[in-house]
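What Swiss-Prot says about this protein:
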- H37: active site, proton donor (ACT_SITE)
- 30-37, 149-152, V178, 186-189: ATP binding site (BINDING)
- Q61, Q155: (R)-pantoate binding site (BINDING)
- Q61: beta-alanine binding site (BINDING)
Amino acid sequence: MQVFHHIRSLREALAAERRAGKRIGFVPTMGNLHDAHIELVRIAQRNCDVVVTSIFVNPLQFGLNEDWDKYPRTLAADSAKLEAVHCDYLFCPDETEIYPNGMAEQTRVIVPTMIDVLCGASRPGHFEGVTTVVTKLFNIVQPDEAVFGVKDFQQLAVIRRMVQDLCIPVKIVAGDIVREPDGLAMSSRNGFITADERPHVAVLNRVLNGIKQQIEQGSRDFGTLAAEARAHIDAAGFRVDYVSICNSRTLEMAAHDDREITILGAMYTSGARLIDNVSVVLA
């Protein structure tokens, strides 16, 4: 695996791959890699000739009082995991390489309406930071395909919309959620869950699946379903951020005649904010 810290040298290496007719896959991450990240790399490997993984803890997507300074930096371990699955390139720039003029002077990319709801409502500016850095990374790597995890469903929907609106020539591929045996979605932030909390945090996945089952059985009282789910999370001792039943494409509140629905939820433990989602496709 070749490791690059600078845009120019990575571009030169990838230009040679393109001249050789190679199809380039890309997996953008913030590091602290776990099995779900590695599965995204494997998906890219199945679809492409060479794979680039990036590791950059993007300060632009962290708000005030969020955990940018606490976010685990585990580059040596991450590199070893990528080497083990034969990733071709690792791009790990520093902040100056990505934001040479500083973040205050950085041109921003904004996807209207979709970035201000759900996670965007409680994390103002977060998705603006995501779309900006992903646009920059797409321009640097110029991949044929980019793989994102379904766990971050809103992020996936926002990036799909951004790519469509800006005519960026990249195929967005979704990787399924990878879960622990009790249903907890794998996340870099799971390391902040305490030992006392750990047996109970799968409540988020359970209540979302409960809503899914009731929708599949014909219920369309979305407001009541979401309220009951929030009550279950409260009863388990966690603070609810949101439970929402949405149109899978637009992220607007689901209508009774929608056929593709995603149920999204977020809750707080003592040291982490956890998100999850499940989708329903109705006949």
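Just so you know, glycine gets a Cβ as well, placed from its N, Cα and C.
This view paints the features noted in Swiss-Prot onto the structure.
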| residue | record | DSSP class |
| --- | --- | --- |
| M30 | ATP binding site | coil |
| A36 | ATP binding site | helix |
| Q61 | (R)-pantoate binding site | helix |
| V150 | ATP binding site | coil |
| Q155 | (R)-pantoate binding site | helix |
| V178 | ATP binding site | coil |
| S188 | ATP binding site | helix |
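Cβ crowding, taken as the number of other Cβ atoms within 10 Å, peaks at L33 among the binding-site residues M30, L33, A36, V150, V178. Shown are the recorded positions H37, Q61, Q155, S188; the one with the most C-beta atoms within 10 angstroms of its own C-beta is H37.
Looking at Q155 ((R)-pantoate binding site) and M30 (ATP binding site), their Cα atoms lie 14 Å from each other. If you measure from the Cα atom of V178 (ATP binding site) to that of the residue listed as 'active site, proton donor', you get 9 Å.
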